[in-house]
There are 4 protein chains.
Amino acid sequence: MKKIAVFTSGGDAPGMNACIRAVVRGAIYHGLEVYGIRRGYNGMISGDIIPMNSQSVSNIVQLGGTVLKSARSKEFMTPEGRKKAYENLMAHGIEGLVAIGGNGTFTGAEVFFNEYQLPTVGCPGTIDNDLYGTDYTIGFDTAVNTSLEAIDKIRDTADSHDRVFFIEVMGRDSGYIAIQSGIGGGAEIVMVPETRTPLKKVVGTLKEGWTRKKTSSIIVVAEGDEEGHAAEIADKIKSQVGDKLDIRVTTLGHIQRGGSPTAYDRILASRMGLNAVEGLIKGEKNVMAGIINNEVVFTPFIDTIKKQKPIHEDLLRMVHILSI
Amino acid sequence: MKKIAVFTSGGDAPGMNACIRAVVRGAIYHGLEVYGIRRGYNGMISGDIIPMNSQSVSNIVQLGGTVLKSARSKEFMTPEGRKKAYENLMAHGIEGLVAIGGNGTFTGAEVFFNEYQLPTVGCPGTIDNDLYGTDYTIGFDTAVNTSLEAIDKIRDTADSHDRVFFIEVMGRDSGYIAIQSGIGGGAEIVMVPETRTPLKKVVGTLKEGWTRKKTSSIIVVAEGDEEGHAAEIADKIKSQVGDKLDIRVTTLGHIQRGGSPTAYDRILASRMGLNAVEGLIKGEKNVMAGIINNEVVFTPFIDTIKKQKPIHEDLLRMVHILSI
Amino acid sequence: MKKIAVFTSGGDAPGMNACIRAVVRGAIYHGLEVYGIRRGYNGMISGDIIPMNSQSVSNIVQLGGTVLKSARSKEFMTPEGRKKAYENLMAHGIEGLVAIGGNGTFTGAEVFFNEYQLPTVGCPGTIDNDLYGTDYTIGFDTAVNTSLEAIDKIRDTADSHDRVFFIEVMGRDSGYIAIQSGIGGGAEIVMVPETRTPLKKVVGTLKEGWTRKKTSSIIVVAEGDEEGHAAEIADKIKSQVGDKLDIRVTTLGHIQRGGSPTAYDRILASRMGLNAVEGLIKGEKNVMAGIINNEVVFTPFIDTIKKQKPIHEDLLRMVHILSI
Amino acid sequence: MKKIAVFTSGGDAPGMNACIRAVVRGAIYHGLEVYGIRRGYNGMISGDIIPMNSQSVSNIVQLGGTVLKSARSKEFMTPEGRKKAYENLMAHGIEGLVAIGGNGTFTGAEVFFNEYQLPTVGCPGTIDNDLYGTDYTIGFDTAVNTSLEAIDKIRDTADSHDRVFFIEVMGRDSGYIAIQSGIGGGAEIVMVPETRTPLKKVVGTLKEGWTRKKTSSIIVVAEGDEEGHAAEIADKIKSQVGDKLDIRVTTLGHIQRGGSPTAYDRILASRMGLNAVEGLIKGEKNVMAGIINNEVVFTPFIDTIKKQKPIHEDLLRMVHILSI
C-alpha cells in the first residue's frame, strides 16, 4: 500500500481534526502518501481530492468541526455515484481509505467495499456514542462536557428562582449524552429512548421533592425519548401539577456539536486515526477501528451498523440513588 | 442610618452575588448593620429577613445566580402586600434598602417609596442591559460572552457543513446582547427590536454570500425582533431561497442567565453595590446607582423605567462592514 | 453496619465533592447513617466529625476542592494520634470508613486498619493518576484538561512569536498528566520521570524542526523528570542551541488542582463513592475501590501503595509520530 | 489614499486578529487595497508583505495570537533598517499604515514617521493596559479573565487546605491586571508597582485574618511590584509569620497572553481597527486611535509613550473594603 485517503462524513464531531491529523502524520511516518477528500462522499464523487502533508494538519488538533468539511451524500446511494467515486480514487492511485464518521458513513462504506473491494477502515466519529464496537466515539466526551456546562449554568438560575427545568440534549436513538450529563449535572431524572420513564413517575418524583422543600429540579431528556421532546413532556407535566411548580424548558441544540475537543477526545481521536492507518497497512478492511477496554478492536462495518450498543444500566440506577 | 437591607428581584443575572457581597461588606465597613431579604419582595412580605455578616458573603463572588434567591411578586403589586412588607422592615428597624434588579424591581421600588418614603437605592442587575441611567448592567457582559461561546461552537459545525444558522439570543425589548455577540461572533446579520431588518435584505445578503461562494453564515436574532422568533424568520427565509441553502435554527435560551460572572461583571457589580451603600449614607433615595463614562451617576427610578436607552447605531453599522 | 464516616485527605482533587456526595446519598439510600470528618486524619484526631444528610451535599457536584477540607496529618503517624482517632470514631459509633485520597491517605489507612480492624474502603482521589488498582483516579481528567487549555493558550503566543516553550506540569513520580496533555496539546516532545529523554535528543528534535522551518514548538515536562525542572532543562538547552531559538518557560502550578470537575471526573467519582459504600456493606475492608476496564475492582491498600502503575508506552510513541 | 498596510508588533495580545480583520474589511469597504506585513517591523525590512482580501481574515475573529505574527525588531532601531522598510513600502505603493501594538511599537512608529512622513495610525494592543490615550487596550479584558479563572481554580485548593496563596500576574510597570483580577477574584491584598504596600501591612492583614479564623487568603502581586516577585515576597512573609500559615506561590505566566478573546476585546479591537482605517482616510497621522468614555480619541504617539496612565485609586480602595 502506497497511497491512502481520508475523509469525514455525516454529522461533524469535535476531535475529527485530531483524527485527520493522526491519519496524515501516521501515514507519513509509515512511508505512505496521503490525500484528503473534501465534503465526504460528495468530494469523492466530484473529485475534490487534495494531497496532504505534515503542514496541512499543523495547529488543527484543538479545533472543533472538520477541516475536510463533511456532508451527507444522496448521490453516493446510487450505483452511478459510487462508480464515479471509485474512478476518481483510482485516478489518484488510492489503495486504501480511512472513513471518519458514524452509522451512515459506515453503511456507505460497507456497500462501497462490497462493490469495489477497496480496503477501508473506519474511525467512529459521532457525538452520540451509539456505535457498536467501541466504548466511546470521537466527540462524545466533548458533547457531554458542553451539555454539562450548560446544565451547570441553568442550575444557577433554577436555584435562584426555585424552578423545574426540562433540558433536552442530543441523542435521537441513544441516551448516552443524557445519562452522562445528567449524572454529572446532578439531575433528578434522566429520560432516554432505551428505557421507558412513565410520566407518572416524573410527577411523583417532582411532588415528593416539593414535599421535601426541594424547590429546584433538573430533568434531562434525550431528544429521542419515547414520550416526545422536552417541550411536549413539560406541557404534559404542567397539566398534571398545575402552577405549584414553575416549569421551564431549554433545548441545548447545535452547541453540542462544536467547540474545542476535550483532552479525552483528542487522545481518543489520535489513537483511532493512527490505529486505522496501521490497520490498513496490516490488511484490515471493511472494519471500524474501535477501542474496547483500552485495546484496539476491529469490528466489521456490518456489525457496527446492525448491532445495538447496550446502555449503561448501572448509570441509570445511579441517577436515582444520587438524587435522593 | 444604622440598619439597611439588600435583596435581589426579577430575573437573576450573573454578578448579583458580587453585588450582594459588596453591599454587605461595604455596609459593615461603614459601621452599618445589614440584613438580607430572601426571594425579593416576596420575602419582604413574608418576613424572610436574615442578618448578614462578612462570612455570609465569603466565597460567593464567583457564583452565578443569587444566594438571596429571586422572584417576581404579585402580592407586592397590592397595597396590602406593600403594607405587610413595610411593617416587616420596620419590625427589623431597617432604615434603607438596596434593590438589585431591573425594570420590574424598580417599578415596585418607586411605588413603595412614594407610599412609605423608605430610602432605597437600586443596582441595575439584568442581562438585557436595557436600563436607562447606566452604560452597562450587571450580568450583561457575562451573557454576551456566554452567547459568544455558543456562537463560536455553532460556527464550527456551520463551517463544516456549509450551513446557515439563525441563532436566537435573549432580549425581548433590547438588541444589546444580539449586537455585541453578533459582532464578536462574526455574524453576517444581526436582527434587533430597535430597528427594522426587512427579510428581503436578509435574503439578499445570503444570496450575495452564496454567489461569492461564502457557504456558511451566522444570523443573530434578538428574541424580541419585530419579524418574530428565529424559527419563524428561518421558515420565511426558507420559503424564499428554497433548498439552495441548508438553514438551521438554535435558540440559546436560559444558559444565558447563568454561569460564573466575568471579571467585568464582578467589578461592575462590586462598584455598584458599594456605591449604593455609600449613596444611602449620603442621603440618596429613590434612585438607581448606575455608572456612565466610568463615573457613578444616580438616576431617579422613574427615569430608569420610562426613558429609552438608545442602541449603539455605530455597532449596527459595524456588523455590516465587518461581514463583507 | 449502621454508621459510616467519610473524609478527604492529602492533596485535593476536582471530583472529591462528587465522591463525597455519592458516599452520603449512597449510604442514605442503603439505610445507613453517615458522618463527615473534616480536614482528614486531623479531624479524626480532634473529633471534628459532623452528621451529614442529603441536603449537606446538595449543589456540590460541580465544585472543585473538597467541602470536608483536606490536610496532611503528622499526628496520625504516631500511635497516640491514631488511638485518639479511633476513640473519637468509637464515640460516634462509626463502623466503617470511606477514605478519599492518594498514596499517603492509603498508607495511613493501612496502618490504622492493622491496629484497629475498622473496615475502611478507599476511593482514589489524586490528580496524578499514579495509583495501582484503577485505570483513572478522581481529578486526573480535570487536571489534564486544565493543562491542555493552558497549553492551547500558550501555543497562541508561541506561534505568533516563533518561540519554543517548555511547559512544566504536575507529576512528581508520574508522567500521566504530561503525556496526555502533551498529546492533546500537540507537543513535539514530552519528558516524563518513567523514561529517560536525553537532552541530546531534545536538541536534535528542535534543530530538525528548525531546519524544516517549524518555528514554534511545545515541550511538556513532568515536574519529576530526571533532567530536572523545566527551567533547568531550558537553561541547558539554551546553552547548546544559542540564541537561534527563542526559548521560554512556564510552570503551570496549582491551577491544575482546582476548577470545576469534568463530566468524566464527576461520573467516575460518583461511581467510586457509591462502590465504596456498597463495598463496605458487602464486607470489603482495607481495600481501594478502583475501576479497571469499566468494572469495579477492590485492591488491597498495600498493593495500591507498593505496586507501580505502568505508563502508557503506546502513548509516548504517539507523541513522536504525531509531531513529525 | 489607495493602499494601506497593517501589521502587529511587540507582545501579542488576544483580539489582535479581530483588529486585523476590521482593518482589512474596513479598508475594502472604503475602497482601499490592503496589505499585511508579517512579523512586525522585521517583515517591513525583509519585504514580507502580502496582499489581503476579505477571505484572508475569515474565521479569525475568535483566535488568540496574531495571524500576521509579531516580533520585536532590533534592526528597525537603526536608520538603515528603517530605510529598507520605507523602500519596501514604497515598492508596494503603500500610502498609510495601521500599527497594532504597545509602547515599543509606537516608539518605532514615531521615529519612522518623523523620518519619512508616512501616515500611520496605531491601535493599542497589549494585555497590560498601560497606554495613555485609551481607557482599555486590546487584550486586557481577556488577560484579566484568564487570570481570574486561574485565581478561581487556586481558591478551590486554597480553601480546601487553609492556605495562603501569592499569585503573580503580568504587569511590569502596571498594576491593571493585578487590581482587576484581584477584585474579581476576591483577593485580600493586591500589590502593584504604582503604590507601595509595606510588607508589615501584608503581615498585619494575614495575622488579623488568622485571628478571625479566616484560614485561606489570596494575595495578587503584579510582576513589577517594588517588593519583588511573588516568590521573594512570600519568602519574606514566611520568615516573619513562621509556619503558622501554609504559604504557597504561583506565577501565572504566559497563559495570560493567549486564548480566544472575550466579547469585550473582540468588539473593542473591531472598533479600533475600523477607526484607524477611517482615521487614515480622514488624514490622521502619527496618532493612536484610542477609545475614551466610549468615544474615539486620536492621541499623538509621543503622548501615548511619554504620559503616565493613572491607576484606578478607587479600585485599590475597593480591594480593602471588600476583603473585610
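Note: Cβ is positioned from N, Cα and C throughout, glycine not excepted.
Together with A:Arg21, A:Ala22, A:Val23, A:Val24, A:Arg25, A:Gly186, A:Ala187, A:Glu188, A:Arg212, A:Lys214, A:Thr215, A:Ser216, the ADP site in TrEMBL holds one more listed residue from A:Arg39, A:Arg155, A:Arg172, which is A:Arg155. Among A:Gly11, A:Gly171, A:Gly175, A:Gly182, the residue that TrEMBL places alongside A:Arg72, A:Ser73, A:Gly102, A:Asn103, A:Gly104, A:Thr105 at the ATP binding site is A:Gly11. The two recorded residues, A:Arg172 (substrate binding site) and A:Lys214 (ADP binding site), have Cα atoms 31 Å apart. Applying an 8 A CB threshold to same-chain residues 6+ apart, the list for A:Arg248 (substrate binding site) reads A:Ala158, A:Arg163, A:Val164, A:Phe165, A:Phe166, A:Ala234. Of the residues the record lists as binding substrate, namely A:Thr126, A:Ile127, A:Asp128, A:Arg163, A:Met170, A:Gly171, A:Arg172, A:Glu223, A:Arg248, A:His254, A:Ile255, A:Gln256, A:Arg257, the two whose Cα atoms sit farthest apart are 33 Å from each other. With an 8 Å limit on C-beta distances, the binding-site residues from A:Arg21, A:Arg25, A:Asn103, A:Thr105, A:Gly186 that reach chain C are A:Arg21, A:Arg25, A:Gly186.
Ranking the binding-site residues A:Ser73, A:Asn103, A:Thr105, A:Thr126, A:Ser216 by how many other Cβ atoms lie within 10 angstroms of each Cβ puts A:Asn103 at the bottom. If you compare Cα positions, A:Lys214 (ADP binding site) sits closest to A:Ile255 out of the binding-site residues A:Ser73, A:Thr105, A:Ile255, A:Arg257.
For the binding-site residues listed here (A:Val23, A:Met170), the lowest count of other CB atoms within 10 A around the CB belongs to A:Met170. A separation of roughly 22 Å, to the nearest angstrom, links the Cα atoms of A:Arg21 (ADP binding site) and A:Arg72 (ATP binding site).
Of all the binding-site residues given, namely A:Gly102, A:Gly104, A:Gly186, the one with the smallest number of surrounding CB atoms inside 10 A is A:Gly104.
In the three-state DSSP scheme, A:Ser73 (ATP binding site) is classed as coil.
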